[in-house]
Amino acid sequence: MFVLNEFTRRGFLGTAAAVGGTTVVTTALGGAPAAQAAVPEAADGGACGARTALVKVDRVDRRYQDLVTRGFNGRFRGRPDVVYVVHTADQVVDAVNQAMAAGQRIAVRSGGHCFEGFVDDPAVRAVIDMSQMRQVFYDSGKRAFAVEPGATLGETYRALYLDWGVTIPAGVCPQVGVGGHVLGGGYGPLSRRDGVVADHLYAVEVVVVDASGRARKVVATSAADDPNRELWWAHTGGGGGNFGIVTRYWFRTPGATGTDPSQLLPKAPTSTLRHIVTWDWSALTEEAFTRIIDNHGAWHQSNSAAGTPYASMHSVFYLNSRAAGQILLDIQIDGGLDGAEALLNDFVAAVNEGTGVEPAVQRSTEPWLRATLANKFDTGGFDRTKSKGAYLRKPWTAAQAATLYRHLSADSQVWGEVSLYSYGGKVNSVPETATATAQRDSIIKVWMSATWMDPAHDDANLAWIREIYREIFATTGGVPVPDDRTEGTFINYPDVDLVDERWNTSGVPWYTLYYKGNYPRLQKVKARWDPRDVFRHALSVRPPG
């Protein structure tokens, strides 16, 4: 069995991109992908005249296959009756009304990076494709930056930075769409410094369907006196496909004052200092591996408060299976920070202390935007995948570290990985009920994945990831229940196994794992704004009762 995993896609590709800057230790890739610049403030019709009319693509249209195969996960392929390509909020209203009149179940796609088959569900008959709604501009009326859901993170970063010098603390993959990323409370390299992206969400425009079955536009803001405020709150981590269709976000940092756009969102760094640290599996004994895991966890337990010198540091530890050849620690920090190089050196030394193994270290410095846009996410055609997640409040136990070693070091052709993301910092300074993103007391975010190409290998790969996940959380029913050690999991890492009692024996329902105590409040929003349960999928917020 030959399988390509996330390490190959992010690890090797990311490493190559990292060392192509102004300070070079090894050779590397070149520049950043092209992205759409900001456009002037515009009404719904667009900044440069009327936008394209609503496009309706059926199964015989030559564009159909391109539109229905945009999903990230090749395990799922939908066959809807129609795909609506929309360009304005009014067109979204029109498309929803047409689908409702035809009795078609609706799903929405922006970037297409959902890990499960929520859009490519066989029951979905109408897909509303948001990819052409991609404007980014400053809205002086709201003193906030408007971003449409079809814009990618890369396009958004480029526009915000080149025109105003600001950014949002969103994800590392520039191809990901803004639409679902923000809805799930997305995070990224600046989250320890600035919080999750939803912490900077001021307002949202949503197309909802009322009890009569008619669609309409609603704007909801964070203002305390806004009668629609709960709808805004639900979009700060409630996840996609629950309440309606987002047609526009507005971003402004809470407490930001004045009318100067350059002061209304976090300033982007001017440069990024990056270290890529690799350990060869051939040199790793179980003792060395578990010591690295222990050191990594202990460091985060001591360095995850807000406002420390490490606030702008982001690291991803790619614990790859032996088939990949290496494990890799990818670290970056604000290159303009005094002592940045020493901070990263100290972090690497702390993680490697007492292992007896000397890792390879590649160092680079490059302009922030170039570094940010260079993290291209490429599956290389290996697009069948399964993902799982967790939040850690404390480091792995000795038993969990041993479980990681046993599964990852096995002589297997399954190329899986367990990725450990630095977390905490500013994220943890926000009360868990202030937004729908409830996990506000964690030090590490975990993403587990297996990725492969051949459908014949589905069973082996699914078994691998399910078994490692269940064993790691064996003492809590096979899942990371909210307790003193773990804090549930991340809705943008959707995992339908959490609904299945074969894999979740904890007695804790899936919605508590994702939303903790915020779920009943989300249900109330659902009841008000989607009373007919038009927007639903396998892990959607259920109507109350």
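Using N, Cα and C of the backbone, Cβ positions are placed for all residues, glycine too.
These features come from Swiss-Prot:
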- 1-43: signal peptide (SIGNAL)
- 76-256: domain 'FAD-binding PCMH-type' (DOMAIN)
- Tyr421: active site, proton acceptor (ACT_SITE)
- Thr451, Tyr493: aclacinomycin Y binding site (BINDING)
- Asn492: FAD binding site (BINDING)
- Tyr493: active site, proton acceptor (ACT_SITE)
Spatial separation of Thr451 (aclacinomycin Y binding site) from the residue listed as 'FAD binding site' - C-alpha basis, Å: 17
Local backbone state of Thr451 (aclacinomycin Y binding site), from DSSP in three classes: strand
Cβ neighbours within the same chain of Tyr493 (aclacinomycin Y binding site) - under 8 Å, at least six residues apart: Phe115, Ser387, Lys388, Gly389, Trp447
Predicted model, mean pLDDT over the domain 'FAD-binding PCMH-type' (76-256): 98
Proximal but sequence-remote residues of the same chain as Tyr421 (active site, proton acceptor) (Cβ under 8 Å, at least 6 apart): Tyr187, His314, Ser315, Val316, Ile444, Lys445, Val446, Trp447
Secondary structure at Asn492 (FAD binding site), reduced by DSSP to three states: coil
